[in-house]
Amino acid sequence: MDDGNMAACDDKFHEECGVFAIYDRNRPAALETYYGVFSLQHRGQESAGITVSDGHTMETFRGMGLVTEVFRKLPEKEGFIGIGHVRYSTTGSSIPSNIQPLQLEGAEGPLALAHNGNLVNTKVLRNRLLQSGSTFQTTMDTEIIIKLLAHAGAAVMEDRIKGVMDEIRGAYAVVACTNQAVYGFRDPFGYRPMALGKTESGYVLCSETPALDAIDAEFVRDILPGEIVRIDDDGVHSTMYGKKAPRLGICAFEYIYFARPDSVMNGQDIYEARLSMGRHLWEETHYEGDVVMSVPDSGNVAALGYSHASGIPYVEGLLKNKYMGRTFIQPGQKQRERAVRMKLNPIVMNVKGKRIILVDDSIVRGTTSGIIIRLLRNAGAKEIKMCISSPPVRFPCFFGIDTAQRRQLVAASHSEEEICKMIGADKLHYLSQKGLAESISRIRAKDMCFACFDGDYPEPVSGGGLDGMKE
């Protein structure tokens, strides 16, 4: 992760990527892939790319910016195979060469690949490839995956993928394509999501189910942890990697914040989970107040859940400027406050004189919550009790989330009482890990990764060759 300038008005974890793939001889791949990655824009706003194949030739189109900025004009390349990607960098710098999908010429023709996740043994693999004569055009772990795949010795692609999975460690949900087929595979821990959908005459792979809705495709099922799929004219072919992880590690933050509320992921309706988080917050606090409001948009559904459970009315208290892009400035206090004010503005009639229960999904660095609370107090709030729909974030993520270094995580070195005082709230409550696990009710708690809360990583992250420890 490049941790130089920080998003001045954003104190959130960020998902790093969204992936999409389609194989359908009766649909224009470029257009369908455009709609697919557009619906995944929330998973990455830094860059976007689309690869299209007509079965004979392959072209990749990429650029910095939002999907609508990169593709003001759709690629003219006709084809029935497409993969797409949106990116928020976790490893590798924010430069044009790091845009995905990546495409290269393999021994059997062109290969394109896009990746959602983060490898933890990048340096070891990169050094080995360099010693064997490989050269690198990017700083991404994705280039390691595609080079390993392109130069694998097995004749059958699925066997090549298994060989690559033997080598790489960490989180990955990968889509790839040749001129003959689309491929998808997911790490054995299941850190990052991937869904399979069906059109009238083809199939789709994507990070989240709204991408299926965007192209009128039907959800079939989730790709399983450790599963490899090939999609071609004969349909979907599935095989398992064969080596099971000691436990699963489905990311809890997908359900707290990353995923769109209208997604269904690993059998769990995201909206349902967030409503339940709000209900559990009420059960754990029983705060008295005049109104419940959210920090938009991340706290919206949990705030509704709190309101439903408590009977305290939900109102909009902060209006979000939806036209403000990601703004990067030097993180001085005055500049940060101005940036937050540009993004969020109080609705005075709903704030003045009110005892407010304010709901947000997380506090990471603690820089923004205090500014928001000052905005509400300046608008006349009588009292502010803050509820967070996740436990305190005390540990960094190594598996595909852009997180601060541990010393920047406010809960790693401060108690709940200290944080409450720092941000200027009258009271502060974090959802318990038990309450969070019960809210994500369709998935067993033992199959979830809560490592950013409790430090219990599904696989070792110290010693054992982990690159770039975020101490």
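Glycine residues also receive a Cβ, built from the backbone N, Cα and C atoms like all the rest.
Fair warning: this is a prediction, and the values are worked out from it, not measured in the lab.
Residues or ranges marked as active site, nucleophile by TrEMBL: CYS17. Annotation source TrEMBL lists [4Fe-4S] cluster binding site at CYS251, CYS397, CYS449, CYS452. Per TrEMBL, the feature Mg(2+) binding site maps to SER298, ASP360, ASP361. Residues or ranges marked as domain 'Glutamine amidotransferase type-2' by TrEMBL: 17-234.
Separating the Cα atoms of SER298 (Mg(2+) binding site) and the residue listed as 'active site, nucleophile' is a whole-number distance of 18 Å. Taking the centre of the Cβ atoms of SER298, ASP360, ASP361 as the Mg(2+) site, the nearby residues of that chain (Cβ within 8 Å, site residues left out) are LYS12, ILE256, TYR257, SER294, VAL295, GLY299, ALA302, VAL359, SER362, ILE388, SER389. Taking the centre of the Cβ atoms of CYS251, CYS397, CYS449, CYS452 as the [4Fe-4S] cluster site, the nearby residues of that chain (Cβ within 8 Å, site residues left out) are TYR191, GLY249, ALA252, PHE253, PHE399, ILE401, PHE450, ALA451.
Confidence across the domain 'Glutamine amidotransferase type-2' (17-234), taken as the mean pLDDT and rounded to a whole number, stands at 95.
Mapped onto three states, the DSSP output places CYS452 ([4Fe-4S] cluster binding site) in helix.
ASP360 (Mg(2+) binding site) carries a strand DSSP state (E or B). When the Cα of CYS452 ([4Fe-4S] cluster binding site) is compared against those of the recorded positions CYS17, ASP360, ASP361, the shortest separation belongs to ASP361. CYS452 ([4Fe-4S] cluster binding site) is surrounded by 28 other CB atoms, counting those within 10 A of its CB over all protein chains shown.
Neighbour density for ASP360 (Mg(2+) binding site): within 10 A of its CB lie 24 other CB atoms from the protein chains shown.
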